[in-house]
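Engineer: Pulled from TrEMBL, these are the listed features:
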TRANSMEM  20-39  transmembrane segment
TRANSMEM  51-69  transmembrane segment
TRANSMEM  81-101  transmembrane segment
TRANSMEM  171-188  transmembrane segment
TRANSMEM  200-219  transmembrane segment
TRANSMEM  271-290  transmembrane segment
TRANSMEM  302-323  transmembrane segment
TRANSMEM  335-353  transmembrane segment
TRANSMEM  365-386  transmembrane segment
Amino acid sequence: KSQFNRFLSSGTVYTDLWRAHTVTVLFILTCVLVYVTLLEETPQDTTYNTKRGIVASILVFLCFGVTQAKDGPFTRPHPAYWRFWLCVSVVYELFLIFVLFQTVRDGRQFMKYIDPKLGVALPERDYGGNCLIYDPGNTTDPWHNIWDKMDGFVPAHFLGWYIKTLVIRDWWMCMIISVMFEFLEYSLEHQLPNFSECWWDHWIMDVLVCNGLGIYAGMKTLGWLSMKPYQWQGLWNIPTYKGKIKRMAFQFTPYSWVKFEWKPASNLRRWLAVLGIIFMFLLAELNTFYLKFVLWMPPEHYLVLLRLVFFVNVGGVAMREIYDFMDDPKFYRKLGQQAWLVAAITVTEFLIVVKYDPRTIMLPIPFFVTQCWFLGIVLILSWTLWRFFIRNNDKKVYELESFWSLLLPVPCRRALVTLNILIHLLN
């Protein structure tokens, strides 16, 4: 009923397209199962039947979820679209749990059931080596080092950061995550050769060109979306064909716009939440490379691409649910379902990496890298203590001194203020 009123108030005609069609889906699903049971002969192939049964089970669950699952914060282009990706999240998490509970050998060989080409160890490509931007020793093409780095990951970096900017909706957070990931690549190149890149590949091609342009384009798109009027008119109430086509195209834009104001320095809760978001983003990025490494998947494999498409679709919903939960905890008393699943998936992926190749994960980090990270953690902790504890105490001390200065002599005022600070710190 609430969704019905929402669509009527937005000028959208509430037709059969917006109904869940629970009875229709159940009837079609039953007819398919009756056909398979009574009219189709089951092949005498155990492997084929196992694959077919798993796929059929997943499809039945998706049918149930798309028609029965709870709606999330997004309704465009259709609520069923987001319910579908919520159910895909459940299926993916169950798949990861299954892989986690296998032995390393069985888990890698299990990937052959998805693609027979998998299950074979692959060499990691090293992007380092000759780091000369202009190589005078190569008379044929002195710029060959740059052209060698121009692979499919260049447009992927740009598109990826364009979408991440639309998800995070904050320039500072995007730049921090972008720069931090390059530091992670520096720190972990002794574990994965894929992280070994030239300095100009890190900071010029990645941070400035690909990531920077993607973030810039994303911020421009966010500016347009925030300025765009959100007054919807029903398709059948638009008189011209041009107007109808434009309205159909705008169906793929947000129903309304919420500007994310993270304000990490406003209070300790928001500060810790922003740190947690950055940490989970970086962990999900690392999982992309480490999962390929431990499960023996080439970078161009379609499963790698499907995982990225999956996170593109669920990331926006998860971030909106996290923002709502952080911004208005009195109204949103629990973390959203999509955000919960994305967090569980990210952690499960990392646990698979730890279990399948602990030797690589436990390779000792170079001493100078450890010093840099230790210094960074100390700076963050120091700023946190100063901003949310010491600075607040200074304000309270000033207020107490102003009050007691009217009543007591200086030694007594100082003693009472010091006692108050000690009690506050102990509490």
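Here, residue 1 is simply the first one shown, and the rest follow in order.
Cβ atoms here come from the backbone N, Cα and C positions, even for glycine.
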Engineer: Using a Cβ cut-off under 8 Å, which residues of the same chain at least 6 positions beyond either end of the transmembrane segment (51-69) come close to it?
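Structural biologist: Distant Cβ neighbours of the transmembrane segment (51-69) are 20-22, 25, 29, 36, 80, 83-84, 86-88, 90-91, 113.
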Engineer: Report, as numbers and ranges, which residues of the same chain sit near the transmembrane segment (81-101): CB under 8 Å and 6 or more residues beyond its ends.
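Structural biologist: Contacts with the transmembrane segment (81-101): 58, 61-62, 64-67, 69, 71-72, 74-75, 107, 110, 295, 310, 313-314, 317, 337-338, 341-342, 344-345, 348-349, 351-352, 355.
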Engineer: Apart from its near flanks, which chain residues at least 6 from the ends of the transmembrane segment (271-290) lie with a Cβ under 8 angstroms of it?
Structural biologist: 164, 168, 173, 176-177, 180-181, 184, 188, 192, 194-195, 262, 264-265, 304, 307-308, 311, 319, 322, 326, 342-343, 346-347, 349-350, 353, 357, 380, 384, 387-388
Engineer: Look over the recorded stretches 20-39, 302-323, 335-353, 365-386 and say which has the most C-beta pairs under 8 A to the transmembrane segment (171-188).
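Structural biologist: So the stretch in question is 365-386.
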Engineer: Cβ under 8 Å to the transmembrane segment (365-386), counting only same-chain residues 6 or more beyond its ends: which ones?
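Structural biologist: Apart from its flanks, the transmembrane segment (365-386) reaches 183, 186-187, 190, 268, 271, 275.
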